[in-house]
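**Q** Sharing a structure below in structure tokens format, with a few things to ask.
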Amino acid sequence: MCTSIRHDWQLPEVLELFNLPFNDLILNAHLIHRKFFNSNEIQIAGLLNIKTGGCPENCKYCSQSAHYKTQLKKEDLLNIETIKEAIKKAKVNGIDRFCFAAAWRQIRDRDIEYICNIISLIKSENLESCASLGMVTLEQAKKLKTAGLDFYNHNIDTSRDFYYNVTTTRSYDDRLSSLNNISEAEINICSGGILGLGESIEDRAKMLLTLANLKKHPKSVPINRLVPIKGTPFENNPKISNIDFIRTIAVARILMPESYVRLAAGRESMSHEMQALCLFAGANSLFYGEKLLTTPNADCNDDKNLLSKLGVKTKQAVFFDS
């Protein structure tokens, strides 16, 4: 199995990985993971929604879209003091990276100062900072970099071919343009996708291929399992199988050996055994907290119990004491 860093993957190669016998695939992914990371250490990330609901985009999976009746109450931007308290709590809980997100289409210039203030608060606690704020221009990205932003999250969700089955208010090229702006501003990219949208295995392969063939691999690759939301067009989508989800984790690890592969949304429905296999297959980051934006997340005490049983350490030892 090749362990070099590549940006020239071809679709037949990626499909071949997806079609490997399961044990061979996850073993190869695990061996690559061990070469680039401590396989018994995991990154813990926290996530705060600074603006909830009312998003003008029509992403068919999202509870925050204004296009659907999801019973979600629209909320204004959080005040800085509330955010400051959340950051301090995250620090006490042993979080490594503090991420914040807003339900809007793109960053507005009038909000730059507010966003930069949040970044400064995060950095003052010696935490990594990550923002997920929609489309971003190069000029805006440079301002966020100057403020100290470490990561910017902008998921591509799925393959280019399947994309318009998911969202029509923003193009695939819009997403790639924002990723390019983030990279040019020398901010680390955080970008991944969602499984269970109705996509094929080839779509999953193409999504990972797009990320792996960027000029710089994303430093973080969140892999989400669809959490069906009542009132959205995808509320009745069938659940992706555990095996297929783990396969995708493994292929992501093989294609992007130096990236953090994050278990993101949907983890609350995963057994300890499934999560253990995901970690073996190369996942080495997870979101911690009882809520991810508007959807439930795994129980905090349950996470500590799982990692303790597996002998997996976190970067911050205080995590197990909080």
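Glycine is no exception: its Cβ is also placed from the backbone N, Cα and C atoms.
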**Q** Out of Arg6, Arg262, Arg267, which does Swiss-Prot tie to the same [2Fe-2S] cluster site as Cys99, Cys130, Cys190?
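**A** Among Arg6, Arg262, Arg267, only Arg262 appears alongside Cys99, Cys130, Cys190 as [2Fe-2S] cluster-binding in Swiss-Prot.
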**Q** Between Arg262 ([2Fe-2S] cluster binding site) and Cys62 ([4Fe-4S] cluster binding site), what C-alpha distance do you get in Å?
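**A** Answer for this pair: 19 Å between alpha carbons.
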**Q** Would you identify which of the binding-site residues Cys55, Cys59, Cys62, Cys130, Cys190 has the most other C-beta atoms lying within 10 angstroms of its C-beta?
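**A** Within the set of binding-site residues, the most crowded position is Cys190.
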**Q** Which residues in the same chain, at least 6 apart in sequence, have a Cβ under 8 Å from the Cβ of Cys99 ([2Fe-2S] cluster binding site)?
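**A** Correct list: Ala45, Gly46, Leu47, Leu48, Ser129, Cys130, Ala131, Ser132, Phe151, Asn153, Phe287.
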**Q** I want the residues beyond Cys55, Cys59, Cys62 whose C-beta is within 8 angstroms of the mean position of the [4Fe-4S] cluster site's C-beta atoms, in chain order.
**A** Glu57, Asn58, Tyr61, Ser63, Gln64, Ser65, His67, Ala103, Thr167
**Q** Excluding Cys99, Cys130, Cys190, Arg262, please set out which residues of the same chain place their CB within 8 Å of the center of the CB atoms of the [2Fe-2S] cluster site, keeping sequence order.
**A** Ala45, Leu47, Arg97, Ser132, Phe151, Asn153, Ser220, Pro222
